[in-house]
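Participant: Handing you a structure now.
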């Protein structure tokens, strides 16, 4: 609060909760400490950026007046959120002027002998208020949300172990696991039998080739039948795989 001979001004800092692309307002209150009418005028170093209502006025004796300062929407934030803009509030005691429409710039001219009080106000950007965090579902007021989280914020390992053990002990899981093991075992056995049969057929084929080379009539009928039979078995093995 600024305490002059004419006015009390509160606050001395215009605080704006800065947000991009949004108009933001801050207010001042002037209190007339005297039994006379006091005229005031508000100036700023950046008039295009701010709108002051009212920027001039009369504060009646022992009364107050509120001023609203609105910052226009900004497209970008200043470096380090620091603002160099300033305001100057001038006040002067008046006798003849009681209507704000009659206020002139000459009334605040010190060079002609008028006693003018001046108060400088600085602009401060503050962080906008954060919305309250939503209450997690299932939690009660005054109690922490339920869950497997310890006091230091880490998940409780025993809870994970219990969950994994419970899943493994389910009848459905055990039944599916047994069926999978039986299927793998049966396929492995069939594969081994097919490999043994294939090896045996190769050996018989080699013997037939040797006998065929010794005969005069070329390839025998039995050799052709065995070749066909071998092809059928190989096709069966490939389909099973």
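Glycine is no exception: its Cβ is also placed from the backbone N, Cα and C atoms.
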Participant: Looking at the candidate ranges 127-159, 160-192, 193-225, report the one that TrEMBL labels region 'Disordered'.
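Facilitator: Of the candidate stretches, TrEMBL labels 127-159 as region 'Disordered'.
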Participant: How does the model score the domain 'MSP' (6-126) in terms of mean pLDDT?
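Facilitator: That stretch averages a pLDDT of 95.
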